[in-house]
Amino acid sequence: MLVFENGTIIDLVRQIDLTDENIEVTYFNDAIITPAFIDIQVNGGGGVMFNDNQSPSAIETILRAHRKNGTGYVLPTLISSVPEKMFSALQGVHQALAEHSPGLLGIHLEGPWLSPEKKGAHDPNTFFDPSLDELIHYPWLVQGKTLVTLAPEQVNQSALEWLNEHEIILFAGHSNASEKDFTNKLDHISGFTHLYNAMSPQTGRELGVVGMALRHNDKWVSFIADGHHVHPSNIVMAAQLKPKNKMVLVTDAMGSVGSQDGCFVLDGEKICEVDGVLINKNGDLAGAHITMTQSVANLLEWGIEKSHAFQMASTNAALALNLGDELGYLKPGYRASATILDQDTHCQAILLEGVIYNS
Ligand SMILES: [Zn+2]
C-alpha cells in the first residue's frame, strides 16, 4: 500500500502492516500501480491544439484529456511557429503554473530552430537561427521546465551556450546533421527527440543523427510507440542498445486524442485521424493519435519487459527533466503521484500529488 500525506509519499507498506485505523484507504482491485506517467511531447488533447490556443484553460483541457488516459504529467508542446506565438505559449504556461494547474511541468518548444530538410509537418517558413538579441527577449519560464528541440547544425554556438546557461534542456531533432556537425555542440545536447523520425539516418559511411542518438549512451532518446512512426523492431533494437534509463516514451499526441470527432486544426489545415494515423495534405505524418497507456500496451506486445516499459513511461522522463528526486519513483519523500492500471494496462485512475482522478 502506498501511504501519503499532503501530496507526498510517506511509506510503502503491506496491508497487514497498516495498523493506524485513522488512515483513509482507497482500494483498487487487481491493479498495477506505477509512478505517474510523464509525457514530454504533447501537442494537444481533448480537441484542443496548443498551437491554436495557449490559454491556461486550453492547457487544462489538454492535461485532463491525457490524465484520463494514464498520463499524470505533461509538457505541452508548441510546434514551430512565429515568435509572437512562442511568447504567448510561454506566457500561457507561466500563468497556468502560477495557478498550480495539476500535472503541468513546463513547456516543450519543438522548433522553430530546425532543419528544412527534416521539417516533417512543421512550416519551414518559421525556421531561423536565433541571435542572442532575440533569445533574451523571450519570456522564458522562471518556474517549471523548458525543453527545446532544435537542429544543432542550424543553431549558432553562442545561442546553444546561452540556452544551456539558462537551464533550458536541449534535445536534437528535426535535424539533418552529420557526426561532424555535432563538433563542439554535442555537449550542449542532453537528448534526441523522436528517435528515427525527422532525423538523418545511419548509413555505412555516416553516423547520422540516428546513429549519434544510439551511440552516445549518456544521451536520452525519446520515441513514439504507435507502430506507425517507427517499426517496432527499430524500437526493440534501440531498447537493447541504449542503457535502460535513457529511453523516454512520448506520444507526440495531437488534439484528436480524447476529442469527440478525432480531428484538429494545425496552421489552418483540418487534420483527421484515419485508422489511427494523422496525415497532412503533403502526405507527412502530422503527429500521433495515441495515448500513453496504448503506447505502453504496444511496447509489451513487442516484447519489452513490463518494468522497462514503465521506466520509459515515467522514471526516464523525470530524469531527463532533472526531476528524478521528486518524480518517477514510488518512494518516501517523492510526490504522491501514480498511474493505476488494470492488468491489461487500461487506466483505472491517476493519483496526482495526493488527489485521485478516476478515469
Ligand atoms: Zn516532431
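Yeah, the Cβs are placed from backbone N, Cα and C, and that goes for glycine too.
Since the structure is predicted, the reported quantities are computational estimates derived from the model, not experimental observations.
The domain 'Amidohydrolase-related' annotation in TrEMBL covers 32-344.
Marked as Zn(2+) binding site by TrEMBL: Glu110, His174, His194. In sequence order, Gln41, Thr77, Leu78, Ile79, Ser80, His122, Thr149, Gly173, His174, Thr193 make up the list of same-chain residues 6 or more apart from Glu110 (Zn(2+) binding site) whose Cβ falls under 8 Å from its Cβ. In three-state terms derived from DSSP, Glu110 (Zn(2+) binding site) belongs to an extended strand segment.
Proximity of Leu285 (substrate binding site) to non-local residues of its own chain (separation of 6 or more, Cβ distance below 8 Å) is seen for Gly120, Ala121, Asn197, His228, His229, Val277, Leu278, Ile279, given in sequence order. Taken from TrEMBL, the feature substrate binding site covers Ala121, Asn197, Ala198, Arg205, His229, Leu285, Ala286, Gly287.
In the three-state DSSP scheme, Asp252 (active site, proton donor/acceptor) is classed as coil. The active site, proton donor/acceptor annotation in TrEMBL covers Asp252.
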Exercise. Counting Cβ atoms within 10 Å across all protein chains shown, which of the binding-site residues His194, Arg205 comes out on top?
Worked result: His194
Problem set entry | Entry from the binding-site residues list His174, His229 having the most other CB atoms no farther than 10 A | His174
Exercise. For the Zn(2+) site given as Glu110, His174, His194, which other residues of the same chain have their Cβ within 8 Å of the site's Cβ centre?
Worked result: Gln41, Gly111, Leu114, Gly120, His122, Thr149, Gly173, Thr193, Asn197, Ala198, Asp252
Problem set entry | Inter-residue C-alpha distance, His194 (Zn(2+) binding site) and Gly287 (substrate binding site) (nearest angstrom) | 11
Exercise. What is the interatomic distance between the Cα atoms of Ala198 (substrate binding site) and Asp252 (active site, proton donor/acceptor), given in whole Å?
Worked result: 13
Exercise. Among the binding-site residues listed here, Ala121, Ala198, Ala286, whose Cβ has the fewest other Cβ atoms inside 10 Å?
Worked result: Ala121
